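The structure appears below as structure tokens.
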Amino acid sequence: MEGGNSPSLQLQQLPLATAAVSVQPHTDSFSYKENLIGALLAIFGHLVSSIALNLQKYSHIRLAGSKDPRAYFRTKTWWSGLLLLLLGELGVFSSYAFAPLSLIVPLSAVSIVASAIIGIIFIKEKWKPKEFLRRYVLSLVGCGLAVVGTYLLVTFGPNSHEKMTAENITRHLVSWPFLLYMLVEIIAFCLLLYFYKERNANYIVIILLLVALLGSMTVVTVKAVAGMVLVSIQGTLQLDSPIFYIMLVCMAATAIYQATFLAQASQLYDSAQISSIGYILSTTAAISAGATFYLDFMGEDVLHICMFALGCLIAFLGVFLITRNRKKPVPFEPYISMDAMPGMQNMHDKGVAVQPDLKASFSYGALENNDSMPEIYSPATLPIVQEQHGPRGVSAPPYRVLEHSKKE
């Protein structure tokens, strides 16, 4: 009986085994296809956004260098840049619905590479080939490393894919790994905010760590919102769930506060430092958030994880080299330096600055609130030559100095 039933059992198990074998490659192929779509959308979005920002910058520079009285928002160039910027942000937003979070976030290096290439192509200075290689060798090497890192990220990125339904997002939101991660992040954010606000620790690392922690929550909510929109378009409505609007409000709030801290950092530090350090910190925080919330690396082998980490490190190094070679802008001084003028007496002897502070009005060489200053620093009047009206033989003084009282 066992020998007779064995062929039938084998025939019954053969379709199931064949189906199981055929499903796994189809799943891997589908996952890789989704990763490729998401990566291409992210690369396209960052590339278009970089072109848009440079186009708007060109519009401002062109108006500043001409006698055109129009405002920047009345030019076609600026509006073209704005439309391209919206298109690029839409592409980046859509990419989160297809690929894992840990794969999309590091691809923002594309915008830095594109900005470096645009800056080299549209540079206005004349240079020789030797000067070009000596001056831009770091940028060229950085661009190459960023491209290699991007290739490794796309090739060895995580393949975790699940539908962003309200049930799945709620389950991830109350999972203990994410709750523990949120607790650590809230404590770290409060400590950094205390040192920044109360201790006046205006270090670039502290400000950009605040931006990175907020940005990690921003990308988590962006993926949730984009994924639920995609599932709704595919036929299963998710927009009527409360979790969708909770994620939408969190996305807007964290993005606004993130932009606020970035604006404060841009007032204190160079944009090149902000780009490199901010990219490294924000990418690290976002990958950590994606790994704990969406479990991006669940089921991945050690080789893929190590190659993905290597791609991130290479991209970090490339961005650092690109931004390191940028010119530091010369700070604008809204006054004439008295020490730089030949033959002018030094008036900083007693530690009282003659020139106005940067927060004062942009008036050249004028003191703010002269009444509160000592008389030795009050502005002197020009001498006025007097005519001789006295008796003959008595010489009148050639000039006299007018002294103005405070009543006048």
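Including glycine, each Cβ sits where the backbone N, Cα and C put it.
Bear in mind that the values here come from a model prediction, so they are computed numbers and not experimental data.
What TrEMBL annotates here:
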REGION    388-408  region 'Disordered'
TRANSMEM  36-56  transmembrane segment
TRANSMEM  77-97  transmembrane segment
TRANSMEM  103-123  transmembrane segment
TRANSMEM  135-154  transmembrane segment
TRANSMEM  174-196  transmembrane segment
TRANSMEM  203-231  transmembrane segment
TRANSMEM  243-265  transmembrane segment
TRANSMEM  277-296  transmembrane segment
TRANSMEM  302-322  transmembrane segment
Using a Cβ cut-off of under 8 Å, list the residues of the same chain at least 6 residues beyond the transmembrane segment (103-123) that approach it.
35, 38-39, 42-43, 46-47, 49-51, 53-54, 92, 95-96, 136, 139, 142-143, 146-147, 149-150, 153-154, 157-158, 219, 223, 275, 279, 282-283, 286-287, 290, 296, 311-312, 315, 318-319, 322-323, 326
Annotated stretches the transmembrane segment (135-154) and the transmembrane segment (277-296) touching (3 or more Cβ pairs under 8 Å):
no
Residue numbers, six or more beyond the limits of the transmembrane segment (36-56), whose CB comes under 8 Å of its CB atoms:
72, 77-78, 80-85, 87-100, 103-104, 107-108, 110-112, 114-115, 118-119, 122, 150, 154, 157
Counting only residues 6 or more past its boundaries, what in the same chain has a CB within less than 8 Å of a CB in the transmembrane segment (277-296)?
100-103, 105-106, 108-109, 112, 158, 160, 162, 172-173, 175, 177-178, 180-181, 204-205, 208-209, 211-213, 215-217, 219-220, 223, 262, 265, 312, 316, 319-320
